[in-house]
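According to Swiss-Prot, the protein carries these features:
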type	residues	note
REGION	1-168	region 'CPSase'
BINDING	Ser45, Gly216, Gly218, Leu244, Gln247, Asn285, Tyr288	L-glutamine binding site
DOMAIN	168-355	domain 'Glutamine amidotransferase type-1'
ACT_SITE	Cys243	active site, nucleophile
ACT_SITE	His328	active site
ACT_SITE	Glu330	active site
Amino acid sequence: MKAYLVLATGETFAGEIANAKEDVYGEVVFFTGMTGYQEVLSDPSFKGQLVVFTYPLIGNYGINASDFESKEPQAAGLIVSEQSEEGHHYEATQSLQQFCDQHQLPLLTGIDTRAVVKRIREQGDMPAVITTDLSRVSFEEWVPLSERALVDEVSTKKVETFEGNGPHIVLIDYGFKQSILNSLLKRDCQVTIVPYDVSFEVVQELNPDGLLFSNGPGDPKQIEDRLPTIYRLASTYPSLGICLGHQLLALAFGADTEKLRFGHRGANQPVINLKSNRVYMTSQNHSYVVKEDSLQRTDWDATFKNINDGSIEGLTHKYLPIQTVQFHPEAHPGPSDSDEIFHSFIDDVAAKGREKTYA
């Protein structure tokens, strides 16, 4: 069936779709990884977004049972140049098209993705719609992602514990990826997942050894009412922030954030460790960054920077056992170069024990 990607600028790209039932609006972004489409479509950080894949052939290894980052699709739609009709992998349980049909996830094919990405790079991430009828298109009633309670949409509503013999880590869920949980469990941590709006008192009753502030979708300032609690928690327990968690911790301790013209989304983002000068290839998915000039009035030290655009990719607190990274050390998809971040965090937790930093 003929279908279209229509940008908010009015520019239209024609393609084909097999599973369209209604128009789907979202923020159009692009992902530069050659693989990892299954992780992308199920990553809560992509909530509400139409994802353009820059690699020309998507779906060639199908969908399997083990690479999901959440229990359901999170992206609003997928846009590809060409898709493989079959999944050629021994673990594949269905094709990408079959999965999208099953979950009513729009999969728009035959699109000139190079042209779309060029527009995004020139004009920034923007509203867009996948439609089969150009006469229906109207952005007047579309609710921008900046006005949606995205974290509330993806965060857990209950407390859940996974047993382990190591340190007890409370994972504050802003839209966490399954691979972050797996990275802690493989280190034999006991992990308790709590909602994003958890109170200090509830966390205190759980008696954690450390806290992990997870990734998630949207603008960190959408939940700035949580900053006082985040400040109190991170001042009390050794903490690691990843992606959105990194931004929230930065805000809670006095820094500021801003939106990039187009975000970092891919499995090939180079960052440099400012202390060792070691370069890492990292997996990233974010639209917002910490403003470097806002660090001057805080107790943060920058630890990582993006080599491509010089943006802040990591922080450590000068006096408290808090470290943050904008990238994803658990990867999935992507390289595991920065997996040592988890080791460093566990070392902080072990060194501190259950002693509070200060009351």
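Here the Cβ of each residue, glycine as well, is placed from N, Cα and C on the backbone.
The structure, with features from Swiss-Prot marked on it.
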residue : record                   : contacts (Cβ under 8 Å, 6+ apart)
Ser45   : L-glutamine binding site : Gln74, Gly175, Lys177, Asn215, Gly216, Pro217, Cys243, Leu244, Asn285, His286
Gly218  : L-glutamine binding site : Lys47, Leu145, Ser146, Arg148, Leu150, Val151, Leu244
Gln247  : L-glutamine binding site : Pro220, Gly241, Thr257, His286, Tyr288, Val289, Val290, Gln326
Glu330  : active site              : Lys177, Ser179, Ile180, Asn182, Ser183, Ile242, Asp339, Phe342
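Within 8 Å of the centroid defined by the CB atoms of Ser45, Gly216, Gly218, Leu244, Gln247, Asn285, Tyr288, the record's L-glutamine site, lie the Cβ atoms of Tyr174, Gly175, Asn215, Pro217, Asp219, Pro220, Cys243, His286, Ser287, excluding the listed residues themselves. The average pLDDT for the domain 'Glutamine amidotransferase type-1' (168-355) in the predicted structure is 95. The maximal spread of the L-glutamine binding site, taken as the longest Cα to Cα distance among Ser45, Gly216, Gly218, Leu244, Gln247, Asn285, Tyr288, is 13 Å.
Other Cβ atoms within 10 Å of the Cβ of Leu244 (L-glutamine binding site), summed over all protein chains shown, number 31.
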